[in-house]
Structures are given as C-alpha cells and as structure tokens.
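S.K.: Features from TrEMBL:
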type: DOMAIN; residues: A:284-468; note: domain 'Membrane transport protein MMPL'
type: DOMAIN; residues: A:647-853; note: domain 'Membrane transport protein MMPL'
type: TRANSMEM; residues: A:303-326; note: transmembrane segment
type: TRANSMEM; residues: A:333-354; note: transmembrane segment
type: TRANSMEM; residues: A:360-385; note: transmembrane segment
type: TRANSMEM; residues: A:405-430; note: transmembrane segment
type: TRANSMEM; residues: A:436-462; note: transmembrane segment
type: TRANSMEM; residues: A:698-716; note: transmembrane segment
type: TRANSMEM; residues: A:723-745; note: transmembrane segment
type: TRANSMEM; residues: A:751-773; note: transmembrane segment
type: TRANSMEM; residues: A:794-814; note: transmembrane segment
type: TRANSMEM; residues: A:826-851; note: transmembrane segment
Amino acid sequence: MHAESKGWFSTLFVKLTEPLIFSKRPLTLTVLTLMTVFLGYQALNLRLDAGFEKQLPKGHPYIQVLKKYQDQFGGGNSVLLAVSQKPGKGDIYQGRFLESLKAATDAVFYTPGVDRTRISSLYTPNVRFLEAVEGGFRGGNVIPSGFTPNEASLAMVKDNVSKASIIGRLVSNDQRSAMVVSELVDKDPRTHRQLDYIETAHRFETIRSRLLKPTLYELKLKEDYRGIKSGTLVATVYDDPRGAFSRFKRYTTSVRNSDGDVTEHKVPASKLQVFASDNPEFNPDIDVEIIGFSKVIGDVADAALQVTGFFVLSVVLVWLVLSYYMGSLVVSLYPLSCGVLAVIWELGILHLAGYGLDPFAILVPFLVLAISVSHGIQITSFWLLEVADHGLDSFAASRATYRRLVIPGITALVTNIIGFGTILLIPIGIVQEMAINAMFGLLAVIICKKILLPCLLSYATIKDPQRFRDFQKQRDAKLKPIWNGLAVLTNRPIALSILGGFGLLWLASGFVARDLQVGELHAGVPALKPDSRYNLDSDFISNNYAIGVDILQVYAATKTNGCIDYDVMNRINRFGWYMQNTPGVVSTTSLAGLDKVVWGQYNENNPRWQQLPRSPDGLILAGQQFTTSTGLLNDDCSVMPMYIFTADHKATTIDQVIESIKRFDTDGRAPADLKLELAGGNVGVMAATNDVIKKTEFTVLFWLYLAISVCVIASFQSIAGLICVVVPLAAVSVMTYAIMVFLGIGQTVATLPVAAFAAGIGVDYGIYIYSVLEENVMSKGMPLRQAYADTLHQTGKAVIVTAFALSASVATWMLSGLQFQIDMGILLTIMFMANAFAALLMLPAFASILMKSQPIPVFARA
Amino acid sequence: MIVPTKLSLVAGLSLLVATAAAAVDIASTDGGAAAPASPAATIPALATAHAEKGLLLSVARAGDHLLAVGGNGVIVTSRDGASWSQVLTPIDLTLTGIAFGDANNGWAVGHDALILHTRDAGQHWEIQHYEPDLNAPFFAVIATSRDHAVAVGAFGLMRQTTDGGKTWTALEPAQVVDEKYHLNAATRLPGDRIAVAGERGLVAFQTSATEWARSTTPYDGSFFGILPWGDAGAIAYGMRGNVFATDDLAKGAWRKIDVGTLGSLFGGEVLPGGAVALVGADGQMIQVSRSGASQPLAPSINVAGKSSSLAGAVVDGNALIVAGELGVYSVPLR
C-alpha cells in the first residue's frame with residue numbers, strides 16, 4: 001500500500017522469503033493446508049467462556065474489596081420468577097392462577113441447582129403470616145395445606161397475604177402477580193461441580209415455557225439405547241423439536257441404576273420419537289417474568305452465540321462489495337476465502353493459547369475478516385493490474401505483487417497491531433483478551449494474506465483478460481468526473497473553506513461531546529438490549545414489586561462480633577440513615593437498620609421501640625434470625641454490608657452517591673474499629689469500571705495517536721504527512737463522541753476499544769492516499785490538483801470499497817442481542833465510513849496548504 | 001461491562017422480618033437483666049434533607065407552628081403542615097414524644113431515658129435528662145405549664161419536673177409503677193390531671209397533684225394510648241384494634257368500642273367537638289364519635305413493601321397531621 005518498498009532490509013527480506021514461498025508452491029500450499037486443518041480442529045474445540053470474573057477491572061480498589069469479601073458472602077445468588085396475570089385478568093386470588101403458581105413453585109423446587117430449603121412463594125411453608133397478639137405472636141401458613149379454591153378460602157388467602165407483610169416481595173404491589181424466590185447453590189450437590197449458570201438459566205426458561213406454551217412434546221426412545229429401555233421418556237420440550245437441524249441435537253437424560261447411582265446419557269435425536277400433546281399446565285391468562293444473576297449469564301451467553309450466525313451474513317456482504325470492485329464473483333472469492341481462513345487460524349490460535357470465546361472475543365473474527373479483506377483488496381487489485389494491464393501470467397503477477405506489497409502490507413499490519421496494543425492499557429481482563437485475540441488475528445492475516453493469497457493467485461486465471469480490462473476501464477471512466485470534482489478541493493480558497501467547515505464541525509462536535517456520559521445509560525442489565533426479554537422482566541419486577549435491581553454494597557468492616565457492639569451498630573445505622581437522605585438513593589438495607597425494626601416488632605410491633613438496643617443481649621436478640629445466608633453479615637460478624645439501592649445506574653447518580661459516602665466519614669465520629677469499604681453490587685462494579693474508563697481514556701488515546709504518528713512519520717518523514725493523515729482521524733473521533741451523545745451511548749469498556757480499532761484501521765486510508773499523492777507531487781512533479789485527481793483515480797475506488805467492506809463486516813453486529821455489540825457495531829460502521837470520507841476530503845485540503853510542490857527536474861529521475 | 005456481580009436481591013428483606021416465628025415476649029423480660037452500657041458521648045443528630053420522610057412518632061403544636069419527633073434524633077418543624085425542615089438536636093436517639101407547656105417551652109423525650117428541652121418553640125434543644133444505664137426509653141411526655149411536666153416510659157419509668165426541667169425527679173406512685181409495666185402513653189385530662197396507659201390493660205390517673213388511682217379495665221393486652229373522653233372520662237386504645245371508653249374514669253365503667261380493625265392503634269388526638277381520631281398499623285386512621293360509632297377518617301396510608309404504622313397525630317386547623325414510619329402527612333378533616 002505504501003510507496004515502493006525500499007531499503008536494504010526490505011530487499012533482503014523479499015530476496016530471502018520470495019523463493020521460499022514461490023519455488024515450491026505445492027509444498028507451501030500443503031504446509032498451509034496442514035496448518036489450516038490443525039488450527040481448524042483447534043477452532044472447533046473453542047468453548048464459550050463463562051469466566052465473567054475477567055469483566056471486572058481487577059486492579060481497582062473497589063474490586064479488590066469486592067474480591068476480599070466475595071467468598072464471605074456467598075449466597076445472594078437468587079432467581080426471581082414472577083407469575084403474573086395478564087392485564088384485564090384480575091388479581092392473583094383465583095383458582096386457576098394459584099394453580100399455575102403452585103406449578104411454578106414445584107417446577108422451581110425440582111430444578112437442579114436450586115437450594116430446596118430456600119425457596120419462598122405463597123405455597124412454601126416458610127412463608128407465614130405473623131400477628132403480634134396479646135402475650136405473644138400468632139401465625140400460620142398463607143395458603144394452608146389442603147387448600148381448595150372457593151370464595152371463602154380465596155378471601156382468607158388474601159387476608160393472610162396482607163397479614164404476612166409479603167406484598168412488595170412475594171406478591172406484587174397491585175396483587176396481580178406473585179413470585180417464586182429461589183436461591184441457587186454454588187456447587188451442584190450431585191456432581192460437586194461448579195453450578196453451570198447457563199444450563200440453569202435454560203432450565204428456568206423451560207419453566208416459563210411449561211406455563212405459557214399450549215403444546216408439549218415428549219421425546220421417547222424408539223429402541224433400546226445403551227441399556228435404556230425403548231419407550232423411555234428422555235425429554236419433555238415445549239417448542240416443536242422437529243426443526244431443520246434437529247437430527248443433530250442430543251438430549252441429556254439421567255438414569256438411576258439398581259445401585260441407586262445416577263448416570264447421565266446423551267441420546268441423539270435420531271433415536272427419539274416425538275409425541276405432541278396438549279400441555280395441561282398451559283395458562284393463557286398469565287405471563288412469567290424471570291430475573292437473577294444466572295439468568296443474565298444465560299441470556300448473555302445465548303445472545304453472544306447468536307452473533308456468530310451473523311458472521312455468514314458479514315461474509316456474504318463483504319463478498320458482494322468485493323465482487324463489485326473486482327468485477328468478478330470468482331476472483332473476489334480468493335481474498336474472501338483467505339479472509340475466512342485467517343479467521344479460522346485466529347480462532348485456532350486463540351484455543352491453542354488457552355483462551356475461550358467470550359462475548360468480546362466473538363467480535364474479533366469480524367474485525368479480522370475486515371482487515372484481511374482490506375489487504376486482500378490491495379493485493380488482488382495489484383495482481384489484476386499486473387495481469388490485465390501489463391499482460392503478465394498469473395505466476396509472474398503473483399511474484400510481482402508479493403515483491404511490491406509484502407513489506408508495506410506488513411508495515412500497515414504492524415501499525416494495526418500497535419494500535420490494538422494500546423487497548424491492552426485498559427486494565428479489564430476481557431478487553432485485554434480482545435486485544436490479544438485481535439493481535440493473533442493480525443498474525444493470521446499476515447500469513448494468510450501475504451503468503452497464501454499470492455500463492456493461490458498464481459494458480460488463478462482470468463478467462464477473458466480483454467473483457468475484464470474493458471470492464472475496468474468503463475467503470476473508471478464513470479468515476480473520473482467524481483475524482484476530478486474532488487480534486488477541486490486542492491484549490492487553496494476551497495481548501496480553506498473545507499478546513500474551516502471541518503473546524504466548525506469539530507468545534508460543534510466538541511461542544512456536544514461535553515455531554516458525553518461515562519458509563520451505562522440504559523436501565524436494566526446493560527449488556528442486554530433495553531427491550532430484551534430479561535430487561536423487560538427486570539423492569540416489570542422493579543416496577544411492580546418493592547425490589548431494587550441497582551445495588552451498591554458498602555462493606556462495614558469491624559472487629560469480631562461487631563454486630564453486638566452498640567457503637568459500631570449505631571454508626572452503621574447512622575450511615576444508612578445518611579444514605580437514605582442522599583439524592584439518587586431509593587433505600588438502604590443493613591443488619592443495623594433491620595435490628596432496629598426487629599426490636600420494634602419484638603416489642604408488640606410498637607414503632608416507638610424502633611431504636612437499636614444498647615445492650616449486647618438486646619442486639620443478639622434483635623439480630624438472631626439473620627443468618628449469614630442473608631448476605632447481611634459474615635461468619636464472625638466482623639463484616640456487615642450496607643445495601644444501597646440506587647434510582648438508576650447512570651454515572652452521574654453513581655458519582656453523586658459515591659461522593660456522598662466518602663464525605664460521611666469525614667465527621668471524625670467513626671469508631672476507631674469500624675471502616676466503610678467500597679464497593680460491591682452491580683453499581684459498585686460500574687463505579688469501578690467508570691473510574692477505570694475515565695482514568696485510561698486519555699492514556700489509551702495518547703499512546704494510540706503517538707503510535708500512529710510514529711508509524712506515519714516513519715513512513716513519510718514529513719510533518720505535512722503527519723498532519724494530513726492524523727488530523728482527519730482525530731476530527732472523526734471527536735465527531736463520533738458527538739454522535740454518541742445523540743444516540744445515547746455512554747463511554748464504556750466497549751467504546752474505548754472502538755476508538756483504537758477505528759483509528760488503527762482507519763489510518764490506512766490516509767496512508768494509502770497520501771503515499772500516492774506524495775509520489776505524484778514529489779517524484780513525478782505533478783501540480784497538486786492533477787496529482788490528487790490521479791491519486792484518486794488510482795486509489796479512490798479502493799479506499800471507498802475498503803470503507804464499505806470494513807463497514808459491511810461490522811455492521812451486522814447491530815443485529816446482535818447484546819447492547820454493547822450493537823453500540824460497537826454502530827460506532828465502528830460510522831467511523832470506518834467517516835474516516836474514509838474525512839481522508840478523501842480533508843487530506844487534499846491540508847496538502848494544498850502544507851505540501852510544498854518541489855518539481856524535481858526530469859533528468860534527476862533517470 | 002457485560003454483567004454485574006451477583007444481583008443480591010435483598011430488597012424487601014425488612015419484610016422477611018415479619019415472617020420470623022420466634023414468639024418471644026421480650027418486652028417484659030429485657031431491661032434490668034442486661035449489662036449496663038456505659039453512657040457514650042452523645043452524638044448530634046445528622047442534618048438531613050428529608051427527615052420528614054423518616055420514622056416520626058409524635059407531633060405537637062407550639063405557638064403558630066408544628067413539631068414532629070422521631071428516629072435518629074430527628075425533630076422537624078413546619079408552619080403549614082406541608083413543608084418541613086429539620087431542627088438540629090444534640091443527640092441521635094429515637095425520640096418518642098413531644099409536648100409544650102406554653103408557646104415556647106417544651107420537652108421531647110426518647111430512648112435512653114432522654115429528655116430534651118426547648119425555650120424557643122423548638123428551634124434549639126438541650127439535654128436535661130439522659131440515663132442510658134437505665135436501659136429504658138421514655139414513650140410520652142405531658143406538660144401542664146412551662147414549669148411542670150411528667151414523662152413516662154418502659155418498666156414503670158416516671159419522671160417529673162416542677163421547675164421547668166432544672167431537676168427531674170422520680171415519680172413512683174405504687175398504683176402506677178408497682179408491676180413495672182411499660183407505661184406506653186400519657187394524656188392531660190380536664191383540670192390538668194394526668195392519666196397514663198400501658199401494658200396489661202393498665203390505666204391510672206391523678207386524683208390530685210400527688211395522688212394516683214388505678215382504673216380496672218376489661219382488657220388484658222397493651223394499651224398504646226389514652227385520651228380524654230368528655231368531661232370526666234377517658235378512651236384507651238391498643239393492640240389489635242382494642243378500644244375501650246368510660247364516661248367517668250373515677251367510676252370506671254368501661255365499654256368496648258368496635259372500630260372495625262384488627263390492626264394495633266398507636267396514637268390519637270381529640271378532635272374539635274370531642275370525637276377522637278385514632279391512628280395505627282397499616283396507616284389506618286379511624287374516627288370515633290362521642291356516641292361510640294366509628295368510621296375511617298381517611299384512606300389508609302400505605303406504600304407497598306413498606307411498613308406504615310402511624311403513631312402520632314395533632315389537629316392543625318382543618319387538617320389532622322399524622323406521623324409514622326413513613327414520615328409525616330397532612331390529612332384533611334371533614
């Protein structure tokens with residue numbers, strides 16, 4: 001892409017490598033094929049990586065505190081399943097509804113991974129109503145055993161519900177929805193393995209189907225299979241399992257043998273027969289909402305996998321763009337297939353290096369495809385030029401292409417690698433892995449594009465070179481007026497007004513970009529789309545129940561048995577009261593706050609008793625019912641988290657709340673042995689992440705632009721070149737900030753790498769254009785306007801096609817179910833296009849001001 | 001970020017509390033048994049933006065404005081019953097009662113046998129009495145003049161001042177404190193006589209400045225409040241909607257008044273014309289007319305997922321100002 005490769009190193013490199021590759025082409029191809037088979041096999045073994053730990057900015061003090069206490073507060077991993085009457089179907093006190101609620105409760109009870117002792121719903125015996133009566137308390141089950149629905153018994157249930165104080169928790173505020181709350185165990189009690197959250201999420205999804213799908217499908221064995229009797233029911237599903245690829249699915253069934261041991265078998269669908277019947281539990285009047293940590297993981301994983309399907313679409317789009325450019329659907333298959341091969345290599349290397357596929361990693365293959373295609377365009381177009389215009393045979397043309405392009409190509413890729421390397425500065429595991437992954441991809445691109453593609457092209461033939469040439473000429477003639485028109489930009493007055501225009505746009509963008517927010521702006525789980533099923537469910541539950549989903553945890557760390565020390569508890573209680581009065585805080589929950597309420601309840605429910613008892617005995621009594629599984633205290637009662645429920649998780653809210661917390665301890669009244677440590681909860685993690693983004697944004701951009709600048713200066717040895725290439729990039733990045741404000745996208749760990757990818761890849765356009773322009777002006781002595789028109793004639797088409805090819809490969813992310821993938825797709829698409837147009841428009845304008853025409857006497861070139 | 005840490009869905013944990021089945025009657029067994037805590041240095045109440053939304057237990061009028069006291073040492077004041085602002089207090093304990101002897105001089109009482117005093121209608125407060133070692137809260141204070149007030153509380157706690165609070169002396173009339181029952185409430189009867197109500201159906205009243213008498217009531221549970229009923233009578237109310245009235249306290253012919261609720265009643269106020277307003281659990285407000293008929297005074301104050309007991313009330317023109325676990329509300333009177 002650059003000017004001709006010069007220098008002793010490049011000459012030596014080409015001299016050494018060219019015979020190595022081209023003298024024994026069959027051997028080269030065999031080696032590459034074997035490598036592909038090996039890496040392809042590796043790639044097939046790539047597993048979805050649910051290591052969600054690495055999404056945390058692990059070096060941040062908040063996260064270190066979180067890690068320190070995480071193990072002490074196991075539990076808290078609940079799944080909330082709400083069964084709700086559809087609008088217009090009345091309240092929950094109806095026989096049919098309660099039947100569905102009972103079915104849901106039973107289904108949750110029998111779900112593997114659920115702690116059966118910690119399920120609560122109206123149907124579980126642990127949910128009781130309790131009244132303070134003369135001389136003590138009186139209580140009972142909300143729904144008594146042997147309940148049969150009739151008018152009187154339903155009215156009694158309604159009365160019990162109100163006495164049990166569960167409205168807002170197990171019954172919605174408007175009593176049209178009821179909840180089954182369950183806790184998950186950390187380890188599967190049967191297999192002793194870490195609980196598979198994704199599997200668990202799918203099991204809860206099945207419960208939803210079980211209540212909402214009219215038909216059920218039973219899968220029974222057609223014949224005996226591995227000792228399981230024919231006719232055995234292997235699985236019950238609620239979506240028709242007889243789809244296109246259904247034969248390849250396997251169903252897991254567990255069989256208890258005579259010793260009582262349970263073994264699991266995977267049964268292929270081909271051995272099963274499907275029996276459809278009406279689903280007896282189907283209730284058309286209800287809906288089911290499910291939220292919880294493991295459900296989030298399951299939904300994110302499912303959506304992450306979905307995006308792989310869009311890869312095919314990306315490949316097709318890129319193929320179309322390439323075919324348009326090359327004028328041949330077949331020739332374009334060469335760079336395309338090399339691109340796909342690079343992706344296979346990348347995934348193979350990824351698995352070899354011990355990584356898995358996480359939601360960020362899934363995006364990298366798209367980028368690799370984009371980059372390798374943009375290089376493929378150059379290689380193939382140069383080869384076409386040699387074949388069509390210079391009449392070389394395929395083999396000679398390939399060698400010429402290799403000689404000409406291997407060094408500039410590798411230089412450009414190295415620039416890309418450095419650009420991606422700056423992403424490593426973001427101290428979040430998943431993003432760093434993305435950078436490493438992208439670097440693997442670029443290595444794969446170097447081999448696939450620089451070695452394989454010329455090698456393959458040497459076998460390619462063009463059937464009718466003349467027709468092909470005519471087609472190219474015809475199209476070039478059509479584009480000529482556009483290029484000549486753009487060349488007007490080199491007129492100094494027009495150049496100045498263009499630059500002035502861009503300057504104003506830049507200023508305006510900068511002004512708008514001041515409103516750019518750090519952090520997540522949407523409600524619900526930020527990874528998922530606002531209208532995803534999960535976020536709609538979460539929205540429903542937080543609107544209809546007194547349950548908050550944005551939680552900041554502050555750990556009150558004190559001495560052993562701190563929970564029976566009045567001074568400590570009073571301080572924590574004061575902190576809770578302080579936080580309740582902080583804007584952005586909805587409510588707080590802590591052991592100290594609850595002890596106070598419990599003390600009132602123990603004293604005949606008289607609110608005048610709501611004060612922390614001063615004596616240790618009183619504190620023991622008030623707190624005795626709170627076990628460590630509540631997440632309110634640890635084993636030795638030395639750490640007690642304060643749960644702060646915030647109104648939302650916007651960065652401004654989080655900042656305000658955190659600032660307030662820090663101010664609290666400045667009153668000098670804290671007991672010496674009590675420390676408030678930040679932070680846990682989803683809001684705590686976001687606070688840490690936002691902090692990291694704010695701190696690393698400048699560093700990343702600084703090193704990114706420094707690295708690009710060094711590469712550009714190394715290429716052109718001129719300040720004019722630097723300005724011509726880098727300023728348009730910077731302008732586009734500021735304008736992108738403004739676009740983010742308009743689109744309501746906040747600065748997150750997803751958008752930071754976007755800046756690096758866009759600038760790292762986008763710099764190619766400028767380099768490409770400037771290198772030809774400089775050659776035309778400096779070496780060939782053309783006047784600037786003519787030089788630019790000629791430059792565009794040579795490269796303009798390639799630049800635009802590259803922009804479209806790059807955009808095409810990332811635009812499909814917008815179809816993803818994951819919000820950050822959508823955001824990245826939007827921004828990268830915009831930036832890949834904008835960088836091309838900024839380069840085409842701004843570069844000549846800058847050149848007209850900065851580039852000194854130094855017509856070199858003709859004889860000097862001889 | 002892809003995923004937050006585990007969503008610990010502990011909201012509404014406070015409600016878990018109600019499901020605890022430990023039926024222990026601690027109220028009458030705690031107290032003296034516990035090791036006395038050393039009186040810590042007093043910590044001033046926190047100045048907060050919305051103290052009027054916190055736990056408030058008692059409301060009173062001082063001259064032309066209203067005052068309410070409650071949890072965390074909060075005292076809030078208002079001229080119109082709608083907008084409230086916090087007054088700074090020297091201690092952050094739960095305050096349970098407030099009363100004024102005249103337009104400017106008044107007392108607020110609370111836990112740790114705390115008594116606060118103001119001379120400027122509640123703008124500034126100072127500690128007059130504070131005995132954390134007693135391990136007993138005051139629940140109510142009644143002032144008959146700027147000099148004389150009586151405070152009552154748990155385990156038969158009774159204190160009196162006759163010098164504007166310079167000294168607070170123990171009152172120990174056997175008719176009132178013998179069983180060390182909780183004295184949950186006090187009221188001022190016509191003729192500046194004081195009546196108290198408490199545990200086990202306890203109702204006692206002053207027959208003279210120094211003499212007290214016990215009235216035998218037909219109820220064995222706790223009374224949380226007592227109010228004058230006509231010229232010579234009283235109405236006592238308490239657990240689970242139990243309300244009893246007598247037209248002559250001295251004679252003590254109590255009759256049960258059906259108020260149509262099983263919720264406990266924690267506070268009340270005499271309305272113009274002699275009827276009474278009673279407030280209590282689940283934000284219920286009930287009006288009992290002199291004939292003994294009762295009806296809801298206003299729709300209950302409830303916020304789903306939150307406990308909303310009311311404990312204090314005072315008449316303010318055409319409105320009843322009520323206070324409880326969700327703060328202070330102004331309810332129009334018909």
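Glycine is no exception: its Cβ is also placed from the backbone N, Cα and C atoms.
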S.K.: Give the mean pLDDT for the domain 'Membrane transport protein MMPL' (A:284-468) on the 0 to 100 scale.
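M.R.: Here the predicted model's pLDDT, averaged over the domain 'Membrane transport protein MMPL' (A:284-468), is 84.
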S.K.: Count, for each of A:360-385, A:436-462, A:698-716, A:723-745, A:826-851, the Cβ pairs lying under 8 Å from the transmembrane segment (A:405-430), and report the range with the highest count.
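M.R.: Ranked by Cβ pairs under 8 Å, first place goes to A:698-716.
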S.K.: Are the transmembrane segment (A:723-745) and the transmembrane segment (A:826-851) near each other by the rule of at least 3 C-beta pairs under 8 angstroms (pairs 6 or more apart)?
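M.R.: Per Cβ check, the transmembrane segment (A:826-851) touches the transmembrane segment (A:723-745).
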S.K.: Tell me if the transmembrane segment (A:333-354) touches the transmembrane segment (A:751-773). I count contact as 3 or more CB pairs below 8 A, with pairs 6 or more residues apart.
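M.R.: Output no: the transmembrane segment (A:751-773) is apart from the transmembrane segment (A:333-354).
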S.K.: Six or more residues beyond either end and a Cβ under 8 Å away: which residues meet both conditions relative to the transmembrane segment (A:303-326)?
M.R.: 48, 332-333, 335-336, 339-340, 343, 357-359, 362-363, 365-366, 369-370, 373, 376-377, 380-381, 384, 528, 532, 797-798, 801, 804-805, 808-813, 815-818, 821
S.K.: Residue list, the transmembrane segment (A:698-716) vs rest of chain: Cβ under 8 Å, 6 or more residues beyond ends.
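M.R.: For the transmembrane segment (A:698-716), the sequence-distant neighbours (Cβ-Cβ under 8 Å, at least 6 residues beyond its ends) are 2, 411, 414-415, 418-419, 421-423, 425-426, 722, 725-726, 729-730, 733, 752, 755-756, 759-760, 763, 766-767, 770-771, 774.
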S.K.: Compare A:333-354, A:436-462, A:794-814 by their Cβ pairs under 8 Å to the transmembrane segment (A:360-385) and return the stretch that comes out on top.
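M.R.: So the stretch in question is A:436-462.
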S.K.: Looking only at residues six or more beyond either end of the transmembrane segment (A:794-814), which have a C-beta under 8 A from one in the stretch?
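M.R.: Same-chain residues near the transmembrane segment (A:794-814) but 6 or more away: 307, 310-311, 313-314, 317-318, 320-322, 324-325, 363, 366-367, 369-370, 373-374, 377-378, 381, 476, 479, 482-483, 486, 761, 764-765, 768-769, 772, 821-822, 824-826, 828-829, 832-833, 835-837, 839-840.
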S.K.: The transmembrane segment (A:436-462): which same-chain residues, six or more beyond its ends, come within Cβ distance under 8 Å?
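M.R.: Distant Cβ neighbours of the transmembrane segment (A:436-462) are 21-22, 25, 28-29, 32, 328, 331, 334-335, 338-339, 341-343, 345-346, 349-350, 353, 355, 361, 364-365, 367-368, 371-372, 375-376, 379-380, 383-384, 387-388, 394-395, 397-399, 401-402, 405-406, 409-410, 413, 416-417, 420-421, 423-424, 468, 757.
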